[in-house]
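Read the structure below first, then the notes.
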Amino acid sequence: MEEEDSIYTQDGTVDYRGDPAIRSQTGTWKACPYILGNEFCERLAYYGMSTNLVLYFKKHLNQHSATAVKNVANWSGTCYITPLIGAFLADAYLGRYRTIATFSIIYVVGMTLLTLSASVHGLKPTCVAKDDCQATTAQSAVCFVALYLIALGTGGIKPCVSSYGADQFDDANETEKKHKSSFFNWFYLSINVGALIASSVLVWVQDNVSWAWGFGIPAIAMAIAVASFFSGTRLFRNQKPGGSPFTRISQVMVASFRKYKVKVPESKALYETADSESSIVGSRKLDHTDDFRFFDKAAVEIESDQMLKGSVNPWRLCTVTQVEELKAIIRLLPVWATGIVFAAVYSQMGNLFVLQGDKMDAHIGPNFEIPAASLSIFDTLSVIFWVPIYDRIIVPVARKYTGHPNGITQLQRMGIGLFISILAMLSAAILELVRLREVRKNDYYLLEKMPMSIFWQVPQYFLIGCAEVFTLIGQLEFFYEQAPDAMRSLCSALSLTTIALGNYLSSLLVTIVTKISTKDGRLGWIPDNLNYGHIQYFFFLLVILSIKNLIAFLFIAKWYKYKRPIGTVR
């Protein structure tokens, strides 16, 4: 960074914290349009490329249904694991601004290569008919290299953009803090407006024009996302990276185990810096809490903790704030774990929902046919419908009864979404039971599209969208608010890993049920022709897992203690 008397950092963002006049000119809703515009375009690119990917794998790379589902699940999962890399770099070394800028370039390179793999002769699969294609090993490899470059690129953007937007609001300012909660709702809305265009227009382009344009338009959208982000540079508030969070966590654990025989005194006797600011760059001090008392041993001061010239050895003595950072992460982990099953449910929109819809009548009138993947538009419309209702109606009404600034707590919000997700899976399972009954009754087994409208899928998509508004937005805000200040990108990435593990769980479940259900020459639950399958069993399996997960969540939510930062508006 430059000298502190300069208002600009080396990357051009504003260091506002020392000057109230500068703070009034930066951040808040003045900076957010550039961040929301970036997220809108980036999500348009991502969903425009990924929504229909399972059918691209099946029909252009010539993969079997189960293989295509697993490959999409594994790639989607990776897209939500790589944020751990970007988050670590952002919190420890680069800061959120530089991390977003760097990984955006990787993202654009991946999108460009994917477009070339679907458009350039020799790189694209050879097709004898519209959906009758053969891809060589090399052609498939180029496609997957491009996809995993995109996965790496998105890893630097996903955990940072929402946190960076929330950074534009000051927790010490009551008005700004209220706006921060609203920001997460509108941030998620921008995601879904991008997804709306992707799942309607871009999916139609892929099915009816070409995959070259279907991937090319998202690549252009990603370039626009980068331009939008850089356009707001001088309005952004920037927080300095606080050093490696893993080092600080390790120091607390090492110091605690070194003092395992030491008795913990009252909290007032524990070690903390005398300064008003925390010793951790970019972090406020945290109040002491009484749980996980073993780790308080790291903040008990004894003679051997002092180094030469009165300095403190951080591997022997840690501040209360540093200890509370570790406690905050430990408290988050059980809540984090309950998001995995929900993510497995959520992932079905890009997998089995699409394959289910692909066997149904998709005509609107005599001449127009809607792509099966475009039904996710109703998930997006559900989110667009529920976000303003939640923000403008549910929150104010709930606030009158509960007195809580946000109407209901973040954990209550997430629990409601988990319950709604169970209804979504029940809806999908019941639809498949009805669909297969019609197949058996009328001998539709060999029909490519059975005469049952694809719009019977709308309820399951709409319920998933409603569940998103409660669970995923609640989770996004919860992990930002409950994260230590200098670990916010990392904790945002942690919340995103539930999506990754949910995809991997879905892939694992598909592998297991396929192996078991295809014994003795049977076709199994998920055959290439779903008219002979039983994917309703898979949906019911997710219902059972979701019910157990909700029960576990209720116990965890009752146990959870919210973070208590010093000097914030509560």
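Sequential numbering from 1, following the chain as shown.
Using N, Cα and C of the backbone, Cβ positions are placed for all residues, glycine too.
Per TrEMBL, transmembrane segment is recorded for 100-120 (among others).
The feature transmembrane segment is assigned by TrEMBL to 186-205 (among others).
The transmembrane segment annotation in TrEMBL covers 211-230 (among others).
Listed by sequence, the residues of this chain that lie at least six past the ends of the transmembrane segment (332-350) yet keep a Cβ under 8 A from its Cβ atoms are 50-51, 53-54, 72-73, 76, 373, 376, 379, 411, 414, 417-418, 421, 424-425, 428, 461, 464, 467-468, 471-472, 475, 478-479, 482-483, 491, 494-495, 497-503, 505-506, 509, 539, 542, 545-546, 548-549, 552-553, 556-557, 559-560. For 332-350 (among others), the entry in TrEMBL reads transmembrane segment.
Marked as transmembrane segment by TrEMBL: 370-390 (among others).
Long-range contacts of the transmembrane segment (411-434) within the same chain: residues 335, 338, 342, 345-346, 348, 352-353, 356, 456-457, 459-460, 463-464, 466-475, 478, 535-536, 539-540, 542-543, 546-547, 549-550, 553-554, 557, 560, each at least 6 residues beyond the stretch ends and with a Cβ under 8 Å from a Cβ of the stretch. Per TrEMBL, the feature transmembrane segment maps to 411-434 (among others).
If you look up TrEMBL, you'll see 454-478 (among others) marked as transmembrane segment. Non-local neighbours of the transmembrane segment (454-478) in the same chain are 162, 181, 184-185, 187-188, 192, 335, 339, 342, 345-346, 349, 353, 356-357, 360-362, 370, 372, 375-383, 385-387, 390, 410-411, 413-414, 416-418, 420-421, 423-425, 427-428, 431, 434-435, 492, 495, 498; each lies 6+ residues outside the stretch with a CB under 8 Å from one of its CB atoms.
Per TrEMBL, transmembrane segment is recorded for 490-514 (among others).
Summarising the annotation, TrEMBL assigns transmembrane segment to 534-556 (among others). Below 8 angstroms of C-beta separation, residues 334-335, 338, 340-342, 344-345, 348, 352, 355-356, 414-415, 418-419, 421-422, 425-426, 428-430, 432-433, 436, 509-510, 513, 517, 525-526 of the same chain, each at least six residues beyond the ends of the transmembrane segment (534-556), sit close to that stretch.
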Most Cβ pairs under 8 Å with the transmembrane segment (100-120), selected from 186-205, 211-230, 370-390, 490-514: 211-230
Same-chain residues near the transmembrane segment (490-514), Cβ under 8 Å, at least 6 residues beyond its ends: 66, 69-70, 73-74, 76-81, 83-84, 86-88, 91, 158-160, 162-163, 245, 329, 332, 336-337, 339-348, 351, 475-476, 478-480, 482-484, 524-526, 537-538, 541-542
